[in-house]
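Asks: Copied straight from Swiss-Prot:
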type: SIGNAL; residues: 1-19; note: signal peptide
type: TOPO_DOM; residues: 20-848; note: topological domain 'Extracellular'
type: CARBOHYD; residues: ASN299; note: N-linked glycosylation site
type: CARBOHYD; residues: ASN327; note: N-linked glycosylation site
type: CARBOHYD; residues: ASN347; note: N-linked glycosylation site
type: CARBOHYD; residues: ASN508; note: N-linked glycosylation site
type: CARBOHYD; residues: ASN741; note: N-linked glycosylation site
type: TRANSMEM; residues: 849-869; note: transmembrane segment
type: TOPO_DOM; residues: 870-957; note: topological domain 'Cytoplasmic'
type: COMPBIAS; residues: 944-957; note: compositional bias 'Basic and acidic residues'
Amino acid sequence: MTLLLVSLLLASLLQISSGNKANKHKPWIEAEYQGIVMENDNTVLLNPPLFALDKDAPLRYAGEICGFRLHGSGVPFKAVILDKATGEGLIRAKEPVDCEAQKEHTFTTQAYDCVDGPDGANTKKSHKATVHVRVNDVNEFAPVFVERLYRAAVTEGKLYDRILRVEAIDGDCSPQYSQICYYEILTPNTPFLIDNDGNIENTEKLQYSGEKLYKFTVTAYDCGKKRAADDAEVEIQVKPTCKPSWQGWNKRIEYAPGAGSLALFPGIRLETCDEPLWNIQATIELQTSHVAKGCDRDNYSERALRKLCGAATGEVDLLPMPGPNANWTAGLSVHYSQDSSLIYWFNGTQAVQVPLGGPAGLGSGPQDGLSDHFTLSFWMKHSVTPSKGKKEEETIVCNTIQNEDGYSHYSLTVHGCRIAFLYWPLLESARPVKFLWKLEQVCDDEWHHYALNLEFPTVTLYTDGISFDPALIHDNGLIHPPRREPALMIGACWSEEKNKEKEKGGENSTDTTSGDPLPIHHYFHGYLAGFSVRSGRLESREVIECLYACREGLDYRDFESLGKGMKVHVNPSQSLLTLEGDDVETFNHALQHVAYMNTLRFATPGVRPLRLTTAVKCFSEESCVSIPEVEGYVVVLQPDAPQILLSGTAHFARPAVDFEGPEGVPLFPDLQITCSISHQVEAKADESWQGTVTDTRMSDEIVHNLDGCEISLVGDDLDPERESLLLDMASLQQRGLELTNRSAYLTIAGVETITVYEEILRQARYQLRHGAALYARKFRLSCSEMNGRYSSNEFIVEVNVLHSMNRVAHPSHVLSSQQFLHRGHQPPPEMAGHSLASSHRNSMVPSAATLIIVVCVGFLVLMVILGLVRIHSLHRRVSGTGGPSGASADPKDPDLFWDDSALTIIVNPMESYQNQQTGVAGVAGGQQEEEDSSDSEAADSPSSDERRIIESPPHRY
């Protein structure tokens, strides 16, 4: 039994051992397979075909292929064994594949034999082969246009290689079916062609006079000849011939004073004719050199403006008007600017040496304040002289000053477009320092104001009220020091060594006669005006800006909406503005906000030329456009003229004793000065109204400043021995006003408010010497503002002097006329010869009949005389005011005397004096006599509906 079990066990072991020895080899397959599967199909065609071989064949199980295993993430395929004996297999898609989703698939496959099944411990597996499966496309999608409607514009008369391009796309994945092979224009008889890329061109020159808009339809085909499902529409507009230029601007731009900032080009746009640009630069230039000194500034005089701006006093005029006390300017050529200021011309061979001490106000002794703390102020118009070029310096001022420690020296020169200030704090020890500025204003041949503040070691230069720090500071220690002698020269400078230039005999050398001769060189060539120096205290920046800054110019404030890449630059004088950018639309927006601004309420009217120049850079230099220059002008309109109205009592009489008093009689005791601006508006739509409605409002504060008033005489000048005009000098000096008192006029000059001028003019008095035989005077008062630009009406005041006459005996036939005689009147000397002496100096008492006869005769004579007086009055009213200067201008006024015969008639002027005191009126209101009202009409201001500047004769102040 035991032997039987052992034999069975050995038999099974031998069988197993023989089976293991039979499955010796692994299956074999190709290393790589290429497969193709059609879209929407599942069978993969492999190259080479899928076969697995096993060298253990024909053994059962060991030589058979049981299957293929696929390896990869998300492989949408599966492997199928077709024949185990031959090892043939097949790869199929689990579901139809989509080429548009994935065109290619890559994975690995592995074959295994049939021993113990695919996962058996004794199963043999082949190596892993790579399988590439490409999904073949099917033309299932039609072309689709990117846009349904295409628009373009062309210029007439041109043939274009490409007007626009239409584009269609296809959703298929393969190049064969996804590419658009050609386009086609479906609309017949159109002058356009389309190529296979969708580019449309015109076949003939299009004319704007013909068809202005072309419409046609295009379609597309893919390479599988599948037509687009929806066709596209094309519209091409024909435009007239394009000229690159600025469009939408006005040549004439009107500016109303007081309007603030006014846009110059609110609707401007740049037409580039479709030429692409990558850089645009425009320059706007405002020409104001013809307005006063370079631009519109405050219209007040220099003296008045200094007071308004709060400038400190104490400046010394170094180039005053030639006169007995200022003869050093007599040899210079004198000109006058539009604002009547004095201008000196230096021709390059002239200079003036200002005497120290005396009228110049610069002492010859120590001048500590002037040595290191002072302000130089002057106007200059200078250009580069062609003969000199930029090589030679030109000296504006040169000064050596004596102080307690020794001598200091400074000079101000121009060199081309550079201005330099050389300062030598102490000639004995300190080294000179030179401050340099490079400014285009120095050499542009335009008027500019310069103010130099020295507070050593700080030096600040102001040009037209704008401060500039020095560009360079040099330590010029090698310069030879000038001679230690006080001297001040304008227009040139002396050389460092005595007689150095004189010995050379240079043509540009002149000797002065102040002390020892000084050789002169570096002459100035240009214009200077308003040259002054003030020592000890510097002018502040605010004061200098108020005094000399331009009140008009170009302006740009819309920085918040300034586009990206835009640059804006305005020069200091605001006469030049530059814009730079790279986008046309952004550039247009920026240029539309460039404005003109004039801060003066009463701007100088006239034309300001305007120029816009443009430079562009294109992507294509060959076809780059050129933008023509734009020229226009700003018209500053006439401002609404302020109407200065003087009013008060125009006629009064006083006893002579009042005029002979120590204070005289006030001429304008109730004077009123008003200033207003009248604006004329249209009348309301009312049939019963025939006139216009005028809206008058008070002017702003600056208008209420007067800069001068004049009291003149109508008729003969004042006789200083018998009469005079008086004013309180202390009150004038306290307010900084100047008084000029002549026999023909009295003037008050200086900027002050209307209230101050009213107060001062009410103190103006007329005084007579005791016993002066004067009976009537007429005075004319007028005022002005803004350097005499606007004048008031002429307010005329008539004054009658009432004289008393000593009581004398009268003949009986004139007793009844005693009611016309004032008890205190005294006949004037010139009428004494016509007085009637009494023929009855005895003590006889006449009878009653005689008295009655005398009274009747006297009454008859009185009636005749009154009739003659009335006839004479009517005659004077018709013939005008042709009477003597001493007579009253009022024919109806009883304050008169008339000598027309041997009789002397004295009319009591006090009879109507009370009526005149209550009934007299000034220019503003009240009732006047008929003849006075006709005279006053000429003196009144213009009617409120007239917008004009009042023309007046030149003033004496």
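If you go along the chain as it appears here, the first residue is 1 and each next one adds 1.
Heads up, the Cβ atoms here are built off N, Cα and C, so glycines get one too.
Show me how these features fit into the shown structure, please.
Replies: Note on ASN327 (N-linked glycosylation site): other Cβ atoms within 10 Å of its Cβ, all shown chains, come to 12.
For ASN347 (N-linked glycosylation site), applying a Cβ distance below 8 Å and a minimum sequence separation of six or more within one chain yields SER333, HIS525.
Shown in sequence order, LEU725, LEU727 are the residues of the chain, 6+ apart in sequence, with a C-beta less than 8 angstroms from the C-beta of ASN741 (N-linked glycosylation site).
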Asks: Suppose you look only at the topological domain 'Extracellular' (20-848); what would the mean pLDDT be?
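Replies: Mean per-residue confidence for the topological domain 'Extracellular' (20-848): 80 out of 100.
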Asks: Using DSSP and collapsing to three states, where does ASN327 (N-linked glycosylation site) fall: helix, strand or coil?
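Replies: DSSP call for ASN327 (N-linked glycosylation site): helix.
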